[in-house]
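Student: Not my notes, these are from TrEMBL:
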type: DOMAIN; residues: 60-196; note: domain 'EamA'
type: TRANSMEM; residues: 12-33; note: transmembrane segment
type: TRANSMEM; residues: 53-75; note: transmembrane segment
type: TRANSMEM; residues: 87-110; note: transmembrane segment
type: TRANSMEM; residues: 122-145; note: transmembrane segment
type: TRANSMEM; residues: 152-173; note: transmembrane segment
type: TRANSMEM; residues: 179-198; note: transmembrane segment
Amino acid sequence: MEKLDWMSSSSLAKVVGTVVSIGGAFIVTFYNGPPLSIVNVVPKYLLILLSPHSRWIVGGFFLAGEALTTSLIYIVKAMVLRDYPVVLIMMFFTNLFVAVTSALLALVAVKEPESWTPKLGSGWVAVVYSTVVGSVFRFTVIAWCIQKRGPLYVAMFKPLGIVFAMVLGVIFLGDPLCLGSLIGAIVIVGGFYVVMWGKAKEEKAVEPIDQSGFLPSSSNKIPLLAARSDV
């Protein structure tokens, strides 16, 4: 678990970097700015943005809530793995509860009986991919990383997902590259590197302990048996 020391530069760097990354995520979400793309996609972009059915601000708040909830989940996982360091067992129960919760929500949200009829096609590929890669594999890797590096290290990659999604959307989906997205991406990356600098400095400050459990040869402490022999 992370320890906060306001007198330590590494702790201050982690706090400042986290706040900066969160601010960059809010910039990407709530500030669009003029489009910078060379391709002429402005009419379509304005049509989506100014549509009366557009609720991108509400969606931004939901994404912020999801990020906060995910961070809390990372902290809980770190506490569980500290007392019960068995990743596979914990991920079994995690995926079990996720499957049960998703099934209950699907029963409430999906009313059409034909939607529950199995049909061969690309839909099955999406279901299998989201189950194996999106849930089982991803959750297991996240739990393993939390066990090895801590919840802060894992949570700091969450804002970077916004940057990757923005870049892939511009490349493959033809989304416009807006000024707000570019500024937010720069702020997110800057905050991420500040946190990583703080983590590296904090780990460097910790003196490595010899695996044998003995004191290093440069220690000024006198062994107990040597002290008795001199008496």
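Every residue, even glycine, has its Cβ placed from backbone N, Cα and C.
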Student: If you count Cβ pairs under 8 Å, which stretch among 53-75, 87-110, 179-198 touches the transmembrane segment (12-33) the most?
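Tutor: By the under-8 Å Cβ criterion, the transmembrane segment (12-33) pairs most with 179-198.
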Student: Across the domain 'EamA' (60-196), what does the pLDDT come to on average, as a whole number?
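Tutor: Summarising the domain 'EamA' (60-196) by its mean pLDDT gives 83.
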